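Here is the structure we will look at.
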Amino acid sequence: MILVIGLGNPGKEYQYTRHNIGFIAIEKIANQYNSSFSTKKQFNCEIAETISDGQKIIFIKPTTYMNLSGKSVISVKTYYNINPAKIFVIHDDIDLETCRIKFKTGGGNGGHNGLKSIDGVIGNNYNRIRVGVGRPKNNQDVADYLLNNFLQSEYEIAMQAIDRIVNNFDLILENKLEKFKNKIV
């Protein structure tokens, strides 16, 4: 069993923001497995479940705001008794240019409030799929930048990155993490 978490903020006003790239990605991945989300209030998230090649996959989108994402992660992790090594978090990263993706296990949170929240409840020994959204230009405030919609040209480039994750996601299910890491760059 694996748990895949897409980070973002709830609400239509945030749907296409840079900070919601995790939600955008997880929706496309779940769709690939013909799995749809439903709200589970007891877990503070939207959840979708499927089985692929005998392995259960649980997808979640926290319904809390980003800085409280750990609340839903710990609820689902505890209920399903999931080892942190089987947890994959997809999130935005301003230290990577748009369209760049990096995969890593463990490590720091890079100042990302969603990761800080998750680290606070399960530690940091889980997998991260970091999706680049670039840095703000012209001294724009970081929070303002992340909570604004992608420019159309950026969105198209970001979707190319998401497609690389979706098209290679089976490698995660096969526990070929190094191969996944190399294919998504």
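Along the chain as shown, residues are numbered 1 onward.
Every residue, even glycine, has its Cβ placed from backbone N, Cα and C.
From a predicted model like this one, the values you see are computed outputs, not experimental measurements.
In the record from Swiss-Prot, residues Tyr14, Tyr65, Asn67 bind tRNA; the candidate from Asn34, Asn44, Asn109, Asn113 listed for the same site is Asn113. Counting every protein chain shown, the Cβ of Asn67 (tRNA binding site) has 13 other Cβ atoms within 10 Å.
Most buried of the recorded positions Asn9, Asn113, judged by other Cβ atoms within 10 Å, is Asn9. Other than the site residues Tyr14, Tyr65, Asn67, Asn113, same-chain residues with C-beta atoms no more than 8 angstroms from the centre of those residues' C-beta atoms, the tRNA site, are Asn9, His19, Thr64, Met66, Leu68, Ser69, Gly114.
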